[in-house]
Amino acid sequence: MEDEEGPEYGKPDFVLLDQVTMEDFMRNLQLRFEKGRIYTYIGEVLVSVNPYQELPLYGPEAIARYQGRELYERPPHLYAVANAAYKAMKHRSRDTCIVISGESGAGKTEASKHIMQYIAAVTNPSQRAEVERVKDVLLKSTCVLEAFGNARTNRNHNSSRFGKYMDINFDFKGDPIGGHIHSYLLEKSRVLKQHVGERNFHAFYQLLRGSEDKQLHELHLERNPAVYNFTHQGAGLNMTVHSALDSDEQSHQAVTEAMRVIGFSPEEVESVHRILAAILHLGNIEFVETEEGGLQKEGLAVAEEALVDHVAELTATPRDLVLRSLLARTVASGGRELIEKGHTAAEASYARDACAKAVYQRLFEWVVNRINSVMEPRGRDPRRDGKDTVIGVLDIYGFEVFPVNSFEQFCINYCNEKLQQLFIQLILKQEQEEYEREGITWQSVEYFNNATIVDLVERPHRGILAVLDEACSSAGTITDRIFLQTLDMHHRHHLHYTSRQLCPTDKTMEFGRDFRIKHYAGDVTYSVEGFIDKNRDFLFQDFKRLLYNSTDPTLRAMWPDGQQDITEVTKRPLTAGTLFKNSMVALVENLASKEPFYVRCIKPNEDKVAGKLDENHCRHQVAYLGLLENVRVRRAGFASRQPYSRFLLRYKMTCEYTWPNHLLGSDKAAVSALLEQHGLQGDVAFGHSKLFIRSPRTLVTLEQSRARLIPIIVLLLQKAWRGTLARWRCRRLRAIYTIMRWFRRHKVRAHLAELQRRFQAARQPPLYGRDLVWPLPPAVLQPFQDTCHALFCRWRARQLVKNIPPSDMPQIKAKVAAMGALQGLRQDWGCRRAWARDYLSSATDNPTASSLFAQRLKTLQDKDGFGAVLFSSHVRKVNRFHKIRNRALLLTDQHLYKLDPDRQYRVMRAVPLEAVTGLSVTSGGDQLVVLHARGQDDLVVCLHRSRPPLDNRVGELVGVLAAHCQG
């Protein structure tokens, strides 16, 4: 924990405070809040302050940092508590629960979401489909329950108006396989009326603002919530002020998608929308007195009967029965005769409101039960699959004190009294059990026991709930004032109860209306107005039978009690207060059977502003949450306790006998030696497996010693590790180079062996290895193979050339020269025939004038003294005027001659051979040749008169000239 949080962030655990006073507690809380540390421990209890802004404390990276860690290995966090509960469940097969408490707006719902996200992230590594389905339902159920059970209040924009306890079932591998949700005391009176600045439940506004126009038309609704009495108050308010992403329109789409993922059928979703619309229309029904009777009962009528038509259509019930249920009720006389008694306008309004509240409550309970039916573990057999373990998450309303506190606040504060009683008992029980287990003498701890307050509320026959039930069941007219007088009579001497009648001088209470209870969290004044009606929670049987007989199967399933006959004698139903008390007793018993983990949420200010902490407001919450008392209980015996192994792991570097590893008989002996060296042995006690430290100063001293040594140890470890890495790298490089060297040798040997194998037959004529394929060489042998290939080509050429007669060598050299010049540029250049060179002296090619040409050739040889004729042939000359003339071309080793065959081969032009700069031919099959000479006009000729006809001599001319120039 200290690794990431220094002293500048305050104490990460309130148990480590030097003095346990409210001032020190608040100073540490404010310092951590200002530094962005919204979580702080009290032992294993987490204190959370709502930041009212998004902080980078959550997500996959944060989950990975806390997964599998001990509670104190990382800074305080919700993930640490969730991980501790999950580890206790998985490793020790213990049922655990996480109790989240705090006042409205303190962040309880968000905390439960983060806990659910952590559990979903760390489970099901094998991606089993059924487990993924359960996880999706668990996560999506929160969205649906928020829509139907949350509302905007003056203290919280997304306040839970019901208590929720969720059990998550896990298999032996620690994967979620199911769950169950329990809901407590839905604030159904909010359906009818809200305070200024508050809204009805989110579901109504999401339906109106998020539905399409066609759906609204089918539900006979208008988009403006101000049109309806039940939503008029909150029409101008949004669901939240934080982000447009949480608007009612987008929330409606999110809730609809969540219901689809959970498993609600499209028909069920439509039924839910119709029921919500029916409640809105029901709230707009008004009653008027009529002078004459008739079809209207006792002169009472509905002001706008179209609304009755809408309600009947949306609930799939007969219109006349809906109207009759609104205007009258049916009762059975002693002789089981049915009597229809008409309502007054006030009675009809009361019946309408009671029906609206009951329908919404049944709808909410049906949604919860529908989710539970999807989450129930399927096909589990304990004998085959092993015992399932459970993690419970309790997100329930905190202590409430309003200017006017009624029956709902009384029940909520009674619930908090029960939970506080359980909290103190379990904390003390855990302390005592641990001391006994470790062999430490238990010291009694004085604390405020609120059992007397719980007894004041739930005591049989004399408790407030018992007196209230008696008032509801008594014959005659029992008013709230009479109920208050009975309370005064029973509890006039109770230390935690008072009223204006018992304390006439206290003018903060009114006569005949108010009473006050001194709760553990402070004094709360309650108004008894409406206590009896809210506790009785009466709904006429006519509405139950009406809705049970609906043709809508979803609505019909919500009213199983409507099938009773009106003349049937039944037991008196339990009151709302008794039902709530029974559920609280069952909840406390359930929590007491599990290993608890606590999250105490604090609301920093009433303005819901980020970065602001109102000290007086937080001081009040710290008091009623009992946090100081929790610190005192934790410190009454020993402020800290740690297993010997973990203590040594953290502090062994501060003692020479324990660093780096001790050689003593046990970890306990090593811890004793460490404490003796520091002189702290008088402030500790040694248990069987744990060390108990009495004063926080001992921990501070050890932490300071550790903090001084950590930089030195870090440098030592860095040096050793860097040296180790360098040695590893060096050995690895040596190994790499050795492998490379031997592999290179292997490749060279293999390549040379392959070359030897392939070229064994290269000496055999006549091909001398012409068709042999060279193997692909390694990169290192590529230059070597290129040299070998050149040598092989020269050797093969030598083998071929040495068998050629000397007389054919000039022709071979000329053809090689021609191939070098024309290869790839001209397809046919006459390489496959014998080259005669001097075609004018040939009787075959020049039968009529060969002797004449021989005479002219001898004359020129005598005159110019050339040594040999390189080429001669008849040509056609093309001049600059495009005129064609027959000419002859003679190429000797000294001159290029243009001759006239028609004049006995007279020389028309002689060009020294060293003056010829080039020769141009085309790439086609023609015999066109252009001879370029320095300082003279180009000679353009076309070879012809060949035997056989069309014989290609361009290549021969090019080869002869090139071979002569190369020689």
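Note that Cβ sites are derived from N, Cα and C of the backbone, with glycine treated the same way.
When the ranges 584-606, 653-675, 814-836 are checked against TrEMBL, the one recorded as region 'Actin-binding' is 584-606. Sequence-distant contacts of the region 'Actin-binding' (584-606) (same chain, at least 6 residues past either end, Cβ-Cβ under 8 Å): 29, 33, 42, 44-52, 78, 81, 84-85, 88, 94-108, 111, 155, 165, 182, 184, 390, 392, 394, 398, 414-415, 418-419, 421-423, 425-426, 458, 612-614, 617-618, 621-622, 625, 627. Note: the ATP site is recorded as GLY102, GLU103, SER104, GLY105, ALA106, GLY107, LYS108, THR109; in the same chain, ASN50, ASN156, SER159, GLY398, CYS601, LYS603 also have Cβ atoms within 8 Å of that site's Cβ centroid. Mean predicted confidence for the region 'Actin-binding' (584-606): the pLDDT average there is 87. In sequence order, ASN50, THR153, ARG155, ASN156, SER159, LYS603, LYS608 are the residues near GLY105 (ATP binding site), counting only same-chain partners six or more apart with C-beta under 8 A. Long-range neighbours of ALA106 (ATP binding site) (same chain, six or more residues apart, CB within less than 8 Å of its CB): SER48, ASN50, GLY398, CYS601, ILE602, LYS603, GLN621. Secondary structure of the region 'Actin-binding' (584-606), assigned with DSSP and counted as helix (H, G, I), strand (E, B) and coil, comes to 9 helix, 8 strand, 6 coil. According to DSSP, the secondary structure content of the domain 'TH1' (824-967) in residues is 34 helix, 50 strand, 60 coil.
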